[in-house]
Amino acid sequence: MSASSTPTAPPIVCKWHMPESEWYEGVLAHWTSQVSADDNDGVLGGWAEVDVEDVRGSLKFAAECLGHEGLIKSPVPPHSVALDCGAGVGRVTKGVLVQLADRVHLVEVSDKLLSQAKENLRSHAERIKFERASLRDFTAAPAAYDLVWAQWVLGHLTDTDVVGLLARSREGLRPGGAIVVKDNTALPSDCDVGGTYLLDQENAAVIRSHAHFRSLFKLA
């Protein structure tokens, strides 16, 4: 059988605790009508004060684990591109990714948040591509990115869509590229859905256990 006729593997489907259509209705309502776009407080669930320390920690991680030594003083690699998954008002792009990459592709599903991101990032506008898209459907172009960053966003996706997004993002990496997932985790004993995740109804999300995250990473 030739390579062109090799059947494509079926997508991986993971069990979810409720109909996925109902789940995403709640998620979309949360981000489009309930979350304020005025400042970081809205996208951080009332915890805007964590922004400074969060950015500092992300840059430290990049310096230590992604090879960005002398990060602040050195120019970013020319022609490098980062993808910001579920970017909200552009907080992570502004504080972190514009220091790690020459250009940033910012993807956000909410028109309201995307509009505010454009305002917040006006001084970097020539380096940023803004796109309104759902991470359920977004497909990275092959070999397009040096860095894919998904922070505090995978909790809004079902397990099936987390695996799908990560698999597509992997195809979008250039040689030597990396996918960074920065998220909250829960102890298995606190997870009320099969020991894999707990429901965070206030934020229309789930918080997964570390072990469950790892299992999804392996599937992707």
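Every residue gets a Cβ built from N, Cα and C, even glycine.
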>> Starting from the S-adenosyl-L-methionine binding annotation in TrEMBL that includes G86, R91, which of Q151, Q201 is the extra site residue?
In response: Q151
> At its widest, how many Å does the recorded S-adenosyl-L-methionine site span between Cα atoms of G86, R91, Q151?
Replying inline: 11
> Of G86, R91, the binding-site residues given in the record, which has the fewest other CB atoms within 10 A of its CB?
Replying inline: R91
> Is G86 (S-adenosyl-L-methionine binding site) helix, strand or coil when read with DSSP?
Replying inline: coil
> Helix, strand or coil at R91 (S-adenosyl-L-methionine binding site), per DSSP?
Replying inline: helix
